[in-house]
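So that you can see what the record holds, here are the features copied from Swiss-Prot:
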BINDING   13-19, 41-43, R306, 332-334, 415-417  GTP binding site
ACT_SITE  D14  active site, proton acceptor
BINDING   D14, G41  Mg(2+) binding site
BINDING   D14, E15, G16, K17, N39, A40, G41, H42, T130, R144, Q225, T240, R304  IMP binding site
ACT_SITE  H42  active site, proton donor
BINDING   A300, V301, T302, G303, R304, P305, R306  substrate binding site
Amino acid sequence: MGKSVAILGAQWGDEGKGKIVDLLTDRVKYVVRYQGGHNAGHTLIINGEKTVLRLIPSGILRDNVTCLIGNGVVLSPEALMKEMGELEARGINVRDRLKISEACPLILPYHVAMDHAREAALGKNKIGTTGRGIGPAYEDKVARRGLRVSDLFDKEAFAEKLKDILDYYNFQLVHYYKVEPVDFQKTLDDVFAIADVIKGMVADVTTLLHQARKEGVNILFEGAQGTMLDIDHGTYPFVTSSNTTAGGVATGSGFGPRNLDYVLGIIKAYCTRVGSGPFTTELFDEVGAEIARKGNEFGAVTGRPRRCGWFDAVAVRRAVQINSISGFCMTKLDVLDGFEELKICTAYKMPNGEIVEYAPMAAKDWEGVEPIYETMPGWSENTFRVTKREELPQAALDYIKRIEELVGVPVDILSTGPDRVETMILRDPFAA
């Protein structure tokens, strides 16, 4: 009997999901993206060679894996072609191994233009989007005016719909935001050129998944961003536009929740966040700067520096609740090497003096929140590239154990470096 495993971020994204997905894909037949778009940057380092995937599932680097893009993903045809070209230039067969749901909403140039115009108008109050049109494309989906992959293959009807939508967007862009309009004919010509290339990759992803389940093969669902950026459960409004949580697997692929056997939450040994929004344990001192330097904390897609802070058990407890997390993979343990002491946030002190152990939902409810820390001894030994648990310093083992106690879920995988081999699998999600 095959197993179905979801891998998702349990913090604010950038936890190291891509590496872990790639590591576990030697056990699976299918890897599935079910939400987000090319705003996700999944960095893989294999034999010293770095690959950043934004849209195509991380399983594409394994020859025996078929990659699926589910209906919950907003698809930029332009970004897809660029990423395919980069992979094919390295001899990777993409076209025969990538299937795309016909129900994926399309990201088109007017979505990108609107994204940039809005962020510029918001100034210092901006959300901190990646500027790739993700939010506007999801808006069109919910407003039922969006174009989908299936629309690409009726060119006459597509052109009519595009004209109506572009009139709507260009009116706002020109008259409200005072920026240049998006050209209809260029948009049409560009997208039709790409449509002819991807036509053979379009499939009924939901049916493929259910057939795979019947055949008893292993399936891996690859989440993007992180739990605290979920449109419903994150620090709203400083969130992404999709459901980054385990529930997104069902809605974004058509694979029902009872079919999931294991949910692997990815956590860093500390916390990071990109862009605006609440971050209770953020460090503004030399310690924070040192974590950022040692952890190379810059966004894989945007290049933006990440905000760094101590591990926040309060926020991660919320992630455990929302996702029914079975076990954790802790990444970047080695970044904490050499610190004399480490801190873990165990509770929040609210502005009214109340002590809480679960994170608030809305961003406004985080205002004035103070972290309550527990201090633990650090370690001077090197954990980089350690692949046996018994070779870790006792202080590192104690740190991991304390986090397990605080969040109520075991750490089943430990990552001590960027390469796929620099990992300890303590409990295999596909054998659990």
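Cβ atoms are placed via backbone N, Cα and C, with glycine included.
These numbers come from a predicted model, not from an experiment.
Fewest Cβ neighbours within 10 Å among the binding-site residues T43, T130, Q225, T416: this applies to T43. For R306 (substrate binding site), the spatially nearest entry among the recorded positions D14, G16, T130, T416 is D14, judged by CA separation. Here G13 (GTP binding site) is compared against the binding-site residues G41, T130, Q225, R304, P305, and the shortest C-alpha distance is to Q225. The two recorded residues G16 (GTP binding site) and R304 (IMP binding site) have their Cα atoms spaced 16 Å from each other.
For the binding-site residues given as R304, R306, the lowest number of other CB atoms within 10 Å of the residue's CB is seen at R304. The number of other CB atoms found within 10 A of the CB of N39 (IMP binding site), across every protein chain shown, is 27. Cα-Cα distance from the residue listed as 'active site, proton acceptor' to Q225 (IMP binding site): 7 Å (rounded to the nearest whole number). Per Cα geometry, G41 is the residue among the binding-site residues K19, G41, T43, T416 nearest to T130 (IMP binding site). Between N39 (IMP binding site) and G303 (substrate binding site), the C-alpha separation comes to 12 Å. For G303 (substrate binding site), no same-chain residue that is 6 or more apart in sequence has a Cβ closer than 8 Å to its Cβ.
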